[in-house]
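Written below as structure tokens is the structure these notes are about.
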Amino acid sequence: MKDVLKRVSDVVWELPKDYKDCMRVPGRIYLNEILLDELEPEVLEQIANVACLPGIYKYSIAMPDVHYGYGFAIGGVAAFDQREGVISPGGVGFDINCLTSNSKILTDDGYYIKLEKLKEKLDLHIKIYNTEEGEKSSNILFVSERYADEKIIRIKTESGRVLEGSKDHPVLTLNGYVPMGMLKEGDDVIVYPYEGVEYEEPSDEIILDEDDFAEYDKQIIKYLKDRGLLPLRMDNKNIGIIARLLGFAFGDGSIVKENGDRERLYVAFYGKRETLIKIREDLEKLGIKASRIYSRKREVEIRNAYGDEYTSLCEDNSIKITSKAFALFMHKLGMPIGKKTEQIYKIPEWIKKAPKWVKRNFLAGLFGADGSRAVFKNYTPLPINLTMSKSEELKENILEFLNEIKLLLAEFDIESMIYEIKSLDGRVSYRLAIVGEESIKNFLGRINYEYSGEKKVIGLLAYEYLRRKDIAKEIRKKCIKRAKELYKKGVTVSEMLKMDEFRNEFISKRLIERAVYENLDEDDVRISTKFPKFEEFIEKYGVIGGFVIDKIKEIEEISYDSKLYDVGIVSKEHNFIANSIVVHNCGVRLIRTNLTKEEVQSKIKELIKTLFKNVPSGLGSKGILKFSKSVMDDVLEEGVRWAVKEGYGWKEDLEFIEEHGCLKDADASYVSDKAKERGRVQLGSLGSGNHFLEVQYVEKVFDEEAAEIYGIEENQVVVLVHTGSRGLGHQICTDYLRIMEKAAKNYGIKLPDRQLACAPFESEEGQSYFKAMCCGANYAWANRQMITHWVRESFEEVFKIHAEDLEMNIVYDVAHNIAKKEEHIIDGRKVKVIVHRKGATRAFPPKHEAIPKEYWSVGQPVIIPGDMGTASYLMRGTEIAMKETFGSTAHGAGRKLSRAKALKLWKGKEIQRRLAEMGIVAMSDSKAVMAEEAPEAYKSVDLVADTCHKAGISLKVARMRPLGVIKG
């Protein structure tokens, strides 16, 4: 790595501007020799990529605690011109939680694609889970990747599904999203019971071109070209939609020809309202406008094939597409004009030649229209039927068409039979029936139904039912085989019943007896009466939209030496379906006291327990108080001012918080309801991961003058709070990534990495994100303010002294992940810039107008927290930082090992014991988090602080050591 970098000083390195063609400025990295050896190679690429963004000034900067992140490296700093430059969510903060490269991601077209290949197919719609509607779909926002650690988590469910991923990747359970590393055997997870078919790259063969429409008006061709439907190639991005619309139209659609003064040609679709709504959604994706839904109720007289007559009240629903161009398009694809019962037609040749997943869409559309739904008699599925009727002279055409369907189904390992049924009025009717349990299961799991929500949901549940029925039968088959083996060895039935391998709800004494006494054949085994009937299964395991509950059977750590990937989506649900399983998808404050180490040490256990009780912590932790949605807007726009006004702090607190705890550009109307709801329930909580609350003592003072001004002396007890904007900040980032990506394209910004999605700062999109991000910063400050209030109350509870008398004043509060409007001197002139600090801290010098007057003589306090069991540093800002790093310095120790690797190496109890041996009381909502945050997982905070000090971008004032710590 040193051969790439140019040495500037002992602790400063330059990444040359010619490292990458697109770089507008060099990279500047602050590292000593030891930290340089620990640097991940991918970080150089991220530094270079940031240097390629428009409007960047001087350098793309990396702090001593730098490590790999999303878009920007964590520990990255960059300043962009406010008029010519950009703002990027990736430069503020975002998490990556990952799955293995071979995870199968289900798409809206019913096929799955390996996760590692998904980054090449970002225009796909993927399946997601909506708690109110069930199955939905979403555009892809991004696909991120990172290198894996040695071990990852593999979970296996009772139904045989397997998912592999990092320990921090969330999986949907009945209790919400839980990281894979925190799942337990026996936990229930939500799965989508559909396997689909593997994606196959279509050819670029032309299906239709202008020559097919040469006889028609040029407006027909223009209409289709404008919508990307001419020329129509097999690899058209909407070919799946086109195939399933055509399939449905062969069943419940028609091309109507009206002969009047002016000949009209239009397409009509028929079905239930919900069905037509879904069809209309697909048509919109093609740019085709459909009519409103026409409905009418009428009485019809029905006479069946056996001569019975009856009257029925029914509702007819239909939509029309009045475009003649679309009608001709569907006709050229193979759909007949006029009544289908009077027409000769076959399966279109292009469908026969298409990839399997395209055929799947055609068949799913056809069966969605005319196929019968899954029905059970006790435990057994009845055949799934497709019936066709035509006039007598078209009998051969019916048979030809159904035989073509039969051949298509066979490609999916689905057996079917065709037979004649009774018909009326000189017509002939034939039925194709999918028969046999295995074939029915294959149909439901590989094809299923499209557009008919009722058929689809029942079909999904039926598929899962048959899967689990097979598993139950397999258990009984193995029992029969094993019982025979043991019986031959002299083991009695009574002895077998006591063995663990025979303890299963589907194994009975009678089954074992029949196996050994009656020589029951394995292939003759029937399902146990303990197995639920289909309706009972739905009641017990069904979830809205055809999703089902599955139980984790096994969890293990496995070795994995390839990349891990994650998917971001546009929709608010922020999940996707991998291997059928639904998966998901700050700052620091120093508070001083007038207590000494000796005064606190005797009560440290009680104090930590009290703090743990009073300050909510842990993954998904929620605040103590409940707030209305309207109050959230006040929090987002007022920050700490709101908290103090509501009684959570002292008026003087505002003076010792960066920006007085409120960015004035915040506008809550730019924050989504989803983000607000996530923030509303979490306000006043610590969270999880590297967020913590630590009771410390000042071990050593390096700068007596600055320490005295900050109110710090040796042996004094202080409290460090490290937390941020919780789920709200993450949600804001997610909400704006897609907007920024589109904006980058619209403004002609070439991105070296899609994770650096951005927009010009002064653009509408840039300002919208900035206002929302300011809300996130205000929320984080308010969150730390409320925690400060409960810290003060906890000290009062334990020491029986008022917080005011304990002099529990804020030394300073500074943000870590933020983009801010600032003025800096560049090339001798004052320039307005937007400074991105991602995992970096502001470090303004003496006499800067943005810092408290009390600190003018020494500069802004800088807080660099260490990891559990090690030191933290209080430092001060400098003029060198203003000149070199836009007034920025490091924000902490910086991870050296990922959470997944830390979990592999250490156990939470072990870390807790080691801390106790050092005299540190540690409490956490999760033992896994204790392991993730093991001291060895981080770079040396001493090396980070030394590097900053040597570089002059912040200077040491004091070093603090922990007495007790609370981890989320």
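Residue numbering: from 1, along the chain as shown.
Just so you know, glycine gets a Cβ as well, placed from its N, Cα and C.
Pulled from Swiss-Prot, these are the features on record:
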- Asp95, Cys586, His691: Mn(2+) 1 binding site (BINDING)
- 245-414: domain 'DOD-type homing endonuclease' (DOMAIN)
- Cys586, His722, His816: Mn(2+) 2 binding site (BINDING)
- 690-694, 816-817, 865-868, Ser872, 891-894, Lys967: GMP binding site (BINDING)
- His891: active site, GMP-histidine intermediate (ACT_SITE)
Quick check: in three-state DSSP terms, what is Asp867 (GMP binding site)?
coil
His816 (Mn(2+) 2 binding site): which of the binding-site residues Leu693, Asp867, His891 have a C-alpha within 10 angstroms of it?
His891
Write down the Cα-Cα distance for Leu693 (GMP binding site) and His722 (Mn(2+) 2 binding site), rounded and given in Å.
6
Just how many other Cβ atoms lie inside 10 Å of the Cβ on Asn817 (GMP binding site)?
26
Across the domain 'DOD-type homing endonuclease' (245-414), what does the mean pLDDT come to, as a whole number?
92
Those binding-site residues listed as His722, His816, His891, and which of them has the most Cβ atoms within 10 Å of its own Cβ:
His891
With DSSP assignments reduced to helix, strand and coil, which class does Leu693 (GMP binding site) get?
strand
